[in-house]
């Protein structure tokens, strides 16, 4: 029998012998469910696999599969969109057929298979359709991870007895999110190292290993999940509530058509009560009120998920050298989970209580702040991109009617050049370059070119310059001819943290081999053979110290910095000796990669305010029978957000990346105002309402028989002294009630 305690004023009123006491019973404390440990561990391993694979995916698409940045961005967000579409299917399977446990188990096996297929596809085997294998693997991963997403967090919530453990449930979601970001932190730290610092199959990187290690962790996650089977509280499937909701809406429409004049009702859905019952109608109304709030959410996810695509590509154009240590572009993604691990306790114990003192403690208020912070993060990224674009004009024309022209002098003589496109005759020093990056041109033209030696015994060169609007073209004076080649500077400068070198050799035929070798603090690459006749060829090297050897003799050496394109001009012969000059043609990576930190910090704070709060809000406010479905709808908003990125990337609404970032930030501000308008009248549902006795209707009756109608009290009431009011209701974060309770 439960012990009894006095509540209120205890003791006796001495002289009068009167005493006031009110007795109430309390149940013994419910122990924290041990099964949660297996769920948290499983989530850690699964997230390690997902984020490890996702971290390097865009670089794999560009570096190995040959896609450009735009196409890689579209593919990345299409994959992410599928990842968040399949939760709806997973929820249907869990709620209507297998239950959460079996759904998680079976789809995790599909997930593991997909991870292994992607890893196998990264092995450079002759004749293997790498792109097709990768697509199949990514599709299996999308089915697996998407299918289990709505089930795992809800399955964890099922382990708690509510409302008695509502406080522990709130802390579980923080712990659950902690596990997600711990797995993400470790995988985003080490997966780029496996990719870049390990050499395999004759390549300078090892994507197969970088994909393979996370795949092994995914297999471990399945084993861990199965190990806790005996401890799980497995709720039986509550019925396929998608069809239940659809039936409710369809019956309401039929009833409205027949009885709207003779029997007007307050709500459209009330017309379905005779067929599906009062409780089903009320839960459908509750679902509709929550989904109405979800409408603006996709824009947030459109911004958030670009950390893995656009922000990673932005990092490739930045200088990763920090105190002698080279930060890889994809490693910047590690900052987000690292900050999450610190931000969760910071927000729980400092920021949220501080906001509560200012009257900001409701979930919808926190969600609004999260939207605002996301907009701020993208305004910061737009500002950073503008700074980088100031140097980008050297790589490629920034206007469609602009042309870049460079003329390299590979001769040991000074040359005076003249042409109709050159306003006045110019002198080019030996082994140097003349350039004009602001030529205005509306159509393709040919111009006569004349190069006369000013000093030394060199021949005159007369040829043609062929220029096109919006293009960058270079010419090389060598021996007695003018060699034309396309620059390819933009691609070189954005090649994921590597450096590009072009060799312009004015040496006798037959002298060689000409070798380019590089050495960094962590590795030494095998020498590359330079082909004198292949002038346009760009050689990708790792930043470090580079040298050029001809016939085993060192000709040139220089420090190759990240994100640069160098032209090495060499003239002479083995008999007379060689002369050289190293020209840094493009230096896009002059902005430190650490300048990405402010936008990452702001976006991480937005994630904590929005995602953690939204996860708890969705679970606590959803009807008991629809929790997995509502979780799937939450994740479906992520899919729509990624589809928005695909649309904007494909239609190219702006001509610059900074303009695109500004567009997303502006959309976020408009989206936030829409959310404020939608949330202004939302009334929170107390979790304890889910556990009040309801003898008149059950969810089972929706599928099986016609229930009795019930009357639902929608007037304001008090719950534990907390009065419901518009936009607040009886819901509050109970963790702060002791300190900030209202009168």
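Cβ atoms are placed via backbone N, Cα and C, with glycine included.
Database features, via Swiss-Prot:
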- 1-28: region 'Disordered' (REGION)
- 7-16: compositional bias 'Low complexity' (COMPBIAS)
- 74-94: transmembrane segment (TRANSMEM)
- 104-124: transmembrane segment (TRANSMEM)
- 132-152: transmembrane segment (TRANSMEM)
- 173-193: transmembrane segment (TRANSMEM)
- 207-227: transmembrane segment (TRANSMEM)
- 334-354: transmembrane segment (TRANSMEM)
- 364-384: transmembrane segment (TRANSMEM)
- 597-619: transmembrane segment (TRANSMEM)
- 629-649: transmembrane segment (TRANSMEM)
- 659-679: transmembrane segment (TRANSMEM)
- prompt: Counting Cβ pairs under 8 Å to the transmembrane segment (629-649), which of 104-124, 173-193, 207-227, 597-619, 659-679 comes out on top?
  reply: 597-619
Message: Which sequence-distant residues neighbour the transmembrane segment (597-619)? Criterion: at least 6 residues beyond either end, Cβ under 8 Å.
response: 153-154, 157, 169-170, 173-174, 176-177, 290, 297, 300, 303-304, 307, 311, 332, 335-336, 339-340, 343-344, 347, 363-364, 366-367, 369-374, 376-378, 380-381, 384, 627, 630-631, 634
- request: Please indicate, using numbers and ranges, the residues of the same chain that are 6 or more beyond the transmembrane segment (173-193) and have a C-beta under 8 Å from a C-beta there.
  value: 36, 39-41, 43-49, 51-53, 55-56, 153, 156-157, 210, 213-214, 217, 328, 330-331, 333-334, 336-338, 340-341, 344, 348, 611-612, 615-616, 619
Considering the transmembrane segment (74-94), which listed stretch of 132-152, 207-227, 334-354, 364-384, 659-679 counts the most C-beta pairs under 8 Å: 132-152
Field: Contact set, same chain, for the transmembrane segment (207-227): CB under 8 Å, 6 or more residues outside the stretch
entry: 38-39, 41-46, 48-50, 52-53, 56, 60, 64, 104-105, 108-109, 111-112, 115-116, 118-120, 122-123, 187, 190-192, 194-195, 198, 200-201
